Amino acid sequence: MLSPPHSGTLEKLFQYIDLHQDEFVQTLKEWVAIESDSVQPMPRLRQELFRMMALAADKLRNLGARVDSVDLGSQQMPDGQSLPTPPIILAELGNDPKKPSVCFYGHLDVQPAQKEDGWLTDPYTLTEVDGKLYGRGATDNKGPVLAWINAVSTFRALQQDLPVNVKFILEGMEEAGSVALEELVKREKDNFFSGVDYIVISDNLWLSQKKPALTCGTRGNCYFTVEVKCRDQDFHSGTFGGILNEPMADLVALLGSLVDSSGHILVPGIYDQMAPITEEEKTMYENIDLDLEEYQKSSRVERFLFDTKEELLTHLWRYPSLSIHGIEGAFDEPGTKTVIPGRVLGKFSIRLVPHMTPSVVETQVTQHLEAVFSKRNSFNKMAVSMVLGLQPWTANINGTQYLAARRAIQTVFGVDPDMIQDGSTIPIAKIFQDITQKSVMMLPLGAVDDGEHSQNEKINRWNYIQGSKLFAAFFLELSKLHSGQQVPSGAF
């Protein structure tokens, strides 16, 4: 294990964070109390979002940061109403050319939550039970944002020189698709981002409950709809059953042609683009700390498709997967309605892995469904549409900031982190990497059972406080490595 850097400084920083942890938890409580729901297009909730962004801006100003709240205008909703879009916060603290500049991305909006959804506590009242801090946004993403701020404020409180220049980009519309964020990043490429060396995102989770992780890749996502239509009106099955091609039967056949019972995608050529899995990756998966029995139990699944850790992780991270999500237009209420839908719309998505591109996948899927539909000789009309196409993201794990993060994790947690990938899609990582051409890293703080987006979302007090220490140690390590000091042989 590597010896901790600046041990005297670290000891003071860690001691301060421990002594002030109740204060840090109280601030998180104040932030969680704001119902900053960006998903439901309601004027009251937009006001809450603006209040949340203003509170964060004030917090950063109190740190001494120069803060710019970028006005994004308004958002036209499908029903015709116009709602104001909360500003994106761009903040800067320090501009010493001798120091590395690191930009932290976070979001302050949350998914909808109501106690009647199955919460054991009020989702907007941070409640501590057995060291777990329950509340909407506690782990996604208000807790990690505050952990970063806690680290910066600790240096300031102790009058310690902050070893890095810090920038913040905080948004309030991530859960609603990051409205206008990509355009802002493009616009600020040669301004706000010009002096940035590294970008850090802390918006995902560890793979376990206790062992920290670094995320080095995410899958992409292509979301499709397939419509089968006979007419706009539904049919009575007693009057029309047996004398026409039923749209639902066509759609079920189409959806059933996409994937088999073992999870293998049946679209011809879909695996051809996939990057080969290297021996280095296989070794990495072997070294990851994952208790399959615990993982299965916490998932409340009777059995997974794969029996080994390596197979499960490979199929979760490095193989594409296809999921069927739902059908519009079908009768799905209690009772026995004998209707034949006149039009149905199926929804499914494919998670992409390195070297796969949305445009090629779109062509392959469309050609496959057209071929299947043609063989049915149906008189109905079929239309396939790709409504979302997001590429996978891969990081350079041998870059400076991954080395710094690994060393910081070793210092704070006393273990080497799991190097994990994320089977989901986090578009902002790819957006930052492609537009700014800067080094992007995902450094999660939350445990696997934090329940982001779910009922009873939480962050452990331990994760929140140790995460604040982690970011403080990361600043020191990044400064040390960026200045050109040698990394010991075998450090990564």
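Positions of Cβ are set from backbone N, Cα and C atoms, glycine also.
Here Swiss-Prot flags ASP109 as active site. The active site, proton acceptor annotation in Swiss-Prot covers GLU174 and rests on similarity to another entry. Annotation comment: Swiss-Prot describes HIS107, ASP140, ASP203 as Zn(2+) 2 binding site. What Swiss-Prot lists as Zn(2+) 1 binding site is ASP140, GLU175, HIS453. Here Swiss-Prot flags SER194 as phosphoserine, drawing on a large-scale study or a structure entry.
Features per Swiss-Prot, on structure.
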residue	record	Cβ neighbours (10 Å)
HIS107	Zn(2+) 2 binding site	26
ASP109	active site	26
ASP140	Zn(2+) 2 binding site	25
GLU174	active site, proton acceptor	23
GLU175	Zn(2+) 1 binding site	20
SER194	phosphoserine	10
ASP203	Zn(2+) 2 binding site	24
HIS453	Zn(2+) 1 binding site	14
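Using the Cβ center of HIS107, ASP140, ASP203 for Zn(2+) 2, the list of other same-chain residues with Cβ within 8 Å runs, in sequence order, GLY106, ASN141, PRO144, GLU174, GLU175, GLU452.
Separating the Cα atoms of SER194 (phosphoserine) and ASP203 (Zn(2+) 2 binding site) is a whole-number distance of 24 Å. Within 10 Å of HIS453 (Zn(2+) 1 binding site), counting CA to CA, the recorded positions HIS107, ASP109, ASP140, GLU174, ASP203 contribute ASP140.
The Zn(2+) 1 site, placed at the center of the C-beta atoms of ASP140, GLU175, HIS453, has further neighbours from the same chain whose C-beta lies within 8 angstroms: VAL110, GLN111, GLY137, ASN141, GLU174, GLU452, GLU457.
In this structure, ASP109 (active site) belongs to neither helix nor strand by DSSP; it is coil.
For the recorded site, ASP203 (Zn(2+) 2 binding site), the DSSP three-state label reads coil. Counting only the Cα atoms, the space from HIS107 (Zn(2+) 2 binding site) to GLU174 (active site, proton acceptor) is about 6 angstrom.
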